[in-house]
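What TrEMBL records for Cys279 is active site, nucleophile. Sequence annotations record features per position, and here TrEMBL assigns NAD(+) binding site to 12-17, Asp37, Arg42, 134-135, Glu172, 279-282, Arg349. Feature annotation from TrEMBL assigns domain 'UDP-glucose/GDP-mannose dehydrogenase C-terminal' to 335-452.
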Amino acid sequence: MLEKINNICCIGAGYVGGPTMAVIADKCPEIQVNVVDINQARINNWNDSDFSNLPIYEPGLAEIVKNCRGRNLHFSTVIEENIALADMIFISVNTPVKKKGIGAGQASDLKWIEASARQISKYAVGKTIVVEKSTLPVKTAQTIKNILEAHVLNTSNDKKFSILSNPEFLAEGTAINDLENPDRVLIGGEDQDAINLLIDVYLNWVDKEKILTTDLWSSELSKLTANAFLAQRISSINSISALCESTGADVNDVALAIGMDKRIGLEFLRPGPGFGGSCFKKDILNLVYICNHYGLYQAAKYWQTVINLNDWQQKRISKIIVEKLFGTISGKKIAVLGFAFKANTNDTRESPAINICRDLLEEGSNLHIYDPRVSQDQIKMDLGHSQIIDSQNLLFEGKWEFSKSVELAANGADAILVLTDWEEFKTLDWEKLSKIMRSPSWLFDTRSISNAIEAKSFGINIWRLGDGALN
Ligand code: UDX
Ligand code: ADP
């Protein structure tokens, strides 16, 4: 039996694997942590001597990588060897929604998980604990188990595997703090020795009371449920934002008033252009899929509405912009401030900015997009080249350009559209901006973060999400 974990391998050096392993290496200097990935470019960036080139922007991450890289934190594409060396292997590969086949548009595509499990089964040596870290559909552990056990049966060697579920609850932008001070650590599994070994890793910095253990399925389902509940709160407050606009109420006042009720709480009640990120939509779709699978159609429908509301929120924002700009935005310049799905990340997966910009492009608008962390190449991947072909093969008139500053984006613009809650958008110089925009100019603030009153005082028309009194 293993006495303690000396060597960890993490498959997948992405938004989950990278920060999680950096914190484990930092907190457990006696454990060697090898993070491996098939993507050579990504690994090169993790190993770049310039720490501002790490592939992921996450406050506090570069400092930790600086401390640990080369000491007990290593990034490489050498997968087989590092699997063989490991006592414990974390699977942190991507699990996007399936694009085709059975469950397309709903179920997660597990091909990367399966590929990882096959690699582990082939190259692992002796007893190995396999930990699911990526967000996964319930019962994925069974798939991993089947693959690993099949290999052991076929080869009758001394390999032995234990599967644990240890879902990651970190949020991007606050990942390091979430990892260093987690609300809880959840470990699901059947093998108590393996569970204890993982607990020992966390005990290096997490209080014992915060470590929960459950069976595998409860652990997997808890992750999906946590994300579904969080997303549901956002859809709930966003539905109220629309009602506030119609009734003259202010959604931020409503959010505060209800949030001060301890039973409701203040967190995750910020109205906005809809939730984005790699997890919420995918996890709810998984929940819907699994409910349908078990014949629980009402439950499936219930969770589906959380996504429907999110889609509707994005659509209605684009519609309002067109209406306010005299019913047409064809050829009009709109400065889009923020493209990431939230502040403090360069991640654009499922960002509401993608759908909203697409709608505005379809209406023929000329978008100038500025984001402090998202690259032009990333936006190109999300929006395509400047001109987009729609489903009927018609060429949209709209076009977009990347701007290097708020001023460049706003110069001559008819409107400024705030889509991401970046800190710097809270303190924009409205006097200056009002002078360089084209009149009548508009501010559309979907995050309620800009100083709209000041903007108004310089003659800019205002629309603020959920603010029926101001609009
Ligand atoms: C989420 C979960 O929070 C995290 O626990 C899980 O591990 C992964 O998924 P993440 O997607 O990184 O994390 O970001 P999160 O802070 O949850 O925000 C998700 C989306 O909801 C963002 O687009 C954000 O702008 C939006 N949001 C969040 C709101 O619109 N209002 C809020 O009050 C909170
Ligand atoms: P997440 O947000 O879940 O971390 P990412 O897409 O940021 O998702 O990261 C997942 C990483 O997993 C990617 O860098 C991808 O190249 C890597 N990956 C996927 N499949 C494998 C595999 N079989 N072996 C090694 N790395 C893999």
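Just so you know, glycine gets a Cβ as well, placed from its N, Cα and C.
Automatic prediction, not curation, is the source of TrEMBL annotations.
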On the domain 'UDP-glucose/GDP-mannose dehydrogenase C-terminal' (335-452), the mean of the pLDDT values is 92
Counted with DSSP (H/G/I as helix, E/B as strand, rest coil), the domain 'UDP-glucose/GDP-mannose dehydrogenase C-terminal' (335-452) has 37 helix, 22 strand, 59 coil
Here the Cα-Cα span from Asp37 (NAD(+) binding site) to Cys279 (active site, nucleophile), rounded to a whole number of angstrom, reaches 20
Cβ contacts within 10 Å for Val16 (NAD(+) binding site), all chains included, total 26
For ligand 2, the recorded positions of Gly12, Asp37, Cys279 whose CB is under 6 Å from one of its atoms are Gly12, Asp37
Restricting the recorded positions Asp37, Glu172, Cys279, Lys282 to those with Cβ under 6 angstroms from ligand 1 leaves Glu172, Cys279
Here the 10 Å Cβ neighbour count for Gly12 (NAD(+) binding site) comes out at 27
CA pair Glu172 (NAD(+) binding site) / Cys279 (active site, nucleophile), Å rounded to integer, equals 11
Per DSSP (three-state), Lys282 (NAD(+) binding site) is helix
Spacing of the two Cα atoms, Ser134 (NAD(+) binding site) and the residue listed as 'active site, nucleophile', in whole angstrom, works out to 10
Here the Cα-Cα span from Val16 (NAD(+) binding site) to the residue listed as 'active site, nucleophile', rounded to a whole number of angstrom, reaches 11
If you measure between the CA atoms of Gly12 (NAD(+) binding site) and Cys279 (active site, nucleophile) and round to the nearest Å, you get 16
For Gly14 (NAD(+) binding site), the number of neighbouring Cβ atoms whose distance to its own Cβ is within 10 Å equals 21
One finds that other Cβ atoms within 10 Å of the Cβ of Asp37 (NAD(+) binding site) number exactly 23
For Glu172 (NAD(+) binding site), the number of neighbouring Cβ atoms whose distance to its own Cβ is within 10 Å equals 24
